[in-house]
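Following: one structure in C-alpha cells, then a few remarks.
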C-alpha cells in the first residue's frame with residue numbers, strides 16, 4: 001500500500017513542483033515487491049491521499065478526522081489482511097507530544113507488536129519469530145507467564161504540574177507478573193524470572209526476593225484477557241533505588257523490530273533522554289483480543305517510553321521546542337516493518353493557535369477520549385512520504401506565543417492526587433503520612449490504596465487512622481499482612497471512599513528495627529528506601545468514555561480496558577520514602593576503639609574479677625514447694641520445715 | 001614365542017600409523033591454533049562507589065571501550081561498575097562518562113551493557129564470576145563462560161593498599177584470595193592465558209602472591225607508592241581518570257585489530273616521568289616471551305574466517321505453518337477483560353478462613369473435668385502439709 005501511496009504522491013509532486021521522488025520511496029517500492037500479497041490492502045488509503053492533496057493546496061484549512069471513521073476503514077483492511085496468513089504479527093509505532101503548561105514538554109513513545117500465537121501451548125513450541133523478540137517469547141513460555149509488566153523510571157512524575165501520564169510508573173524499577181494458573185511453584189518461577197529479566201534488561205532485578213515481593217489481594221488485576229483473578233498467581237515488587245541509564249535503554253531498544261535504525265526509534269538517543277526531568281521506559285506483555293468479536297487471543301507487547309524535557313535545562317529557557325532540540329534528531333522515515341507510524345501533538349488547549357504555533361501544519365486532526373477527557377491531536381502520518389517535505393525530514397516545531405507561560409506558577413488541579421512523607425524525629429519511631437486529594441467538586445469516588453513496607457520498619461497497625469475532612473473515614477475493606485523479619489514485607493491494602501473536594505490522610509506509626517551488621521548497604525547513611533504506595537481509583541469522567549475496546553484506537557488511549565462510560569481507571573504512585581535507620585559507625589577508628597574496649601573488658605575485666613573475688617560454699621536451697629509451704633507456715637506461726 | 005613376535009610387530013605398525021596421523025594433523029591444525037586460544041573474555045571491574053570516584057568508573061569504561069572496539073562482543077565482557085556515574089544527579093551531562101578534558105571522549109557510549117552494577121559488585125560476586133560458582137538461574141550475560149582455550153583479560157581499579165583492594169568502601173579482597181581464585185580457575189580449566197591489570201595504590205602487591213601458570217600481571221604502582229589521578233575537569237568537578245589508565249587508553253586507541261604491537265610495548269605504556277608512580281609487571285609465570293604476545297591476544301577477539309568460493313543457495317525463509325485453529329467458536333464466552341477495580345467484589349470478599357479452633361465452652365468444660373478428676377482422686381486432705 002505504501003507503493004501506491006508513494007506512486008500517487010509522486011505524480012502529484014511532479015505536477016506541482018517537478019521534484020524528484022525521495023529515495024526512500026524507491027526503497028519502499030522495492031520492499032513491496034517481495035511482499036506482493038500485501039497489495040490487496042492498498043485500496044483503502046486513497047481517500048486519505050486525496051485529503052493530502054487538498055491539504056497541500058490549502059494548508060490552513062483543517063480537516064476533521066475522527067478516530068472512529070479511521071477505525072472502520074482499517075477494519076476493512078484488517079479483514080483482508082487476515083486472509084493472508086503470513087502477516088500474523090504486526091507492529092505499530094506512535095509518538096505523542098503534549099506541551100505542558102509549565103513550559104516543559106512531554107513526549108510519550110509507544111511501540112506495539114501484536115502476534116496471534118499462543119506461547120503457553122504445551123503441544124507445539126513456538127520457534128519461528130518475526131517481529132516479536134525471541135528473548136521475551138522464550139521467557140513467556142518457559143515460565144508460563146500470563147502477563148508481565150516491567151518499568152524502569154528515573155525521576156518522579158509531578159502530577160500537580162504535568163497532569164496524568166498515559167501509563168504511570170513509580171520511581172525505580174517495578175515488576176508485576178501474573179502467572180498462568182497451571183504453575184505449581186510460583187515463588188520458584190518468580191525468582192528465576194527476575195534473574196532472567198535482570199540479564200535481559202541489565203538491571204539489578206535479582207535483588208527482588210521474598211523480602212520485597214507481595215501478593216496484592218485487590219490491586220493489580222490483570223490488564224489483559226482472562227477471568228482468573230486468584231491473587232496467588234500474582235507477584236508484585238518494586239526496587240525504588242534502581243538506577244536507570246543507557247545500559248537499560250540499550251537492551252530495551254534492541255527488542256524493537258527496527259532497533260534504533262529506522263522509524264520513531266531513531267529519536268531515542270540516551271544523551272538527550274536522560275537529560276530530562278522524568279524518564280520512564282516500560283515493557284507490557286499481555287493477551288488481548290484478536291479482533292472485535294474477541295473470539296481468540298493475541299499477544300501484545302507494548303514498549304513505552306515517557307520523557308519530560310525541562311524548560312530550563314533542556315530548553316535553555318526558550319519557549320520553543322522542536323524534535324531536533326528534544327532528541328537531537330529529526331524523523332526521516334517510518335519503520336518499514338510498521339503498519340502504522342504516527343506522531344500526535346496535543347492541541348486541545350490551542351484550537352485556534354492562540355497559545356503556541358505548530359509547524360509544519362498538518363490538516364489531519366484526531367480526537368480521542370483519554371483519561372476522562374476529550375483531547376484533540378494533530379496527526380502526522382509517517383507512512384506518507386509527503387509528510388517529510390522537500391528536505392526529506394520532519395522536524396516538528398512548537399513555539400509558544402508571547403507571555404502565555406506567565407501562569408506557570410499555577411498548579412493544575414488533577415481530580416486525583418496523592419503524596420506521602422515520613423514524620424517524626426529521632427531514630428526510633430516515626431509515622432508515615434499518605435495524603436490523597438479528591439479535587440472533584442461534587443462526586444465521591446473509591447480508591448484502593450496499596451502499601452508495601454519493608455520489614456525493618458515495624459508498623460504499629462493499631463495506630464492506623466484514616467481521616468477525611470477531620471472526621472474518621474472507615475475503610476470498607478482492609479487487607480493487612482504483617483511482615484516477618486527477613487522473610488516478607490508488610491502489605492496493607494485499603495478501599496477508601498473519598499468524599500468530594502476533600503483531603504484524606506492515612507497515618508500509621510512505625511518503629512525502626514536494628515539490622516545485623518552484614519545487612520547494611522555499603523552506604524547505609526544514605527538511608528533506606530520504601531517503595532511508592534499505589535493508589536488505584538475509578539475517577540468520574542468528564543465525558544463518556546469509549547467502552548468499545550478495539551485495537552484501532554490510537555495506542556495511547558487503548559491501554560486500560562474501559563468497562564463503564566461514567567468513570568475511568570487510573571493509577572497514581574506517590575513518592576518513595578527515604579528513611580534513616582539507626583546505623584552503627586562503620587569507620588576504622590570506631591572499630592579500633594570497639595575492638596580494644598572488648599579486649600580490655602573481656603581480658604582485663606575477667607582477670608581482675610578473679611583476683612578480687614572471694615569464694616564461699618553456698619548452702620543448698622530448699623525446693624520450691626517447701627519454700628512456698630514455709631511461707632504460709634511463717635504466716636500461721638507454725639514451725640518451719642527443714 | 002611366535003605369538004609374542006606377532007603382537008610386537010602389530011604394535012610397531014600401529015604406532016607408526018599413529019605418528020604419521022599425528023604429523024598430518026599437527027601441520028594442519030597447529031596452524032589453526034597457533035595463538036593457542038580460540039576465544040577471548042574480559043572481566044572489567046570498578047570497585048569504588050561515590051561520585052568523587054568518577055575516575056575509577058572512567059578507567060574501567062575506557063578499557064571496556066577499547067576491548068569492544070577491538071572486537072570482543074558484549075556477551076564476552078563481564079562489566080562490573082560499583083556506582084552509576086553516567087546518570088548520577090551530580091553529572092552535568094547525563095548518560096556520559098568522559099575520559100578527556102573538555103568532554104572530548106565519551107567512553108560510556110550509546111551502546112553499553114553493564115552486567116553487575118551498584119550493590120551487586122561485591123567480593124563474593126567477583127570471585128563467583130571468576131570461579132564459575134554462580135546460582136543456576138544466573139543469566140548468561142553475568143557469567144564468565146570461558147574454557148581452557150580462552151584468553152582472559154582481568155582489569156581491576158579502585159582504592160587499595162598493601163595486599164588488598166577495597167570493594168564499595170565496605171569490604172576488601174586480599175592478594176592471597178585473588179591468587180587462590182586464579183589457581184582454582186586454572187585447575188578448573190577456565191583459562192588458557194590470563195592477563196591481569198590493576199590500577200590502584202600499591203598495585204604490585206596484588207600480584208606478588210600469584211602462583212598459577214600462564215599468568216601475566218601489570219600494576220600501576222609498586223608497593224609503597226600511590227597511583228595518582230590524571231586531570232580534573234572544571235565542568236564535571238572531579239578528576240576524570242587515573243594516570244596509568246589514561247596512558248593505557250592513549251596507547252590502546254592506537255591499536256587496531258591487525259596491529260603487531262606486543263606486550264613489551266604495553267609494559268612501557270606509562271614511564272615514571274608521566275605516571276609519577278612506577279608501573280610494574282610480572283611475567284615469570286607466563287610461558288611465552290612477552291615480545292611475541294600481541295596486544296590483540298588479550299584486548300582483541302579471535303576471528304578465524306574461512307573464505308569459500310562455492311555458491312550457496314539460500315532457500316526462502318521458513319513460512320510458519322498456518323494454524324487457523326477452529327477453536328474460535330468454542331471460546332467465545334470466556335474471553336473478557338477483568339474489571340480493574342471491582343469495588344463491590346472487594347467489599348464482599350469472603351473473610352479469610354481462620355484455622356479451626358475449639359469453642360471456648362469446650363475448653364472451659366475440659367478444665368473443670370480435669371480439676372474434678374484430680375480432687376476426686378486425691379481429695380483435699382492430701383494437701384494438709386501445706387495448710
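Glycine is no exception: its Cβ is also placed from the backbone N, Cα and C atoms.
Note that TrEMBL annotation is computational and uncurated.
Residue ranges B:341-360, B:361-380 are listed, and TrEMBL annotates B:361-380 among them as transmembrane segment. Just so you know, the Cβ of residue B:159 (active site) picks up 17 other Cβ atoms within 10 Å once every protein chain is counted. Distance between Cα atoms for residue B:159 (active site) and residue B:201 (active site, nucleophile): 7 Å, as a whole number. Within the same chain, residues at least six positions away from residue B:201 (active site, nucleophile) with a Cβ under 8 Å of its Cβ are B:159, B:160, B:161, B:221, B:225, B:226, B:227.
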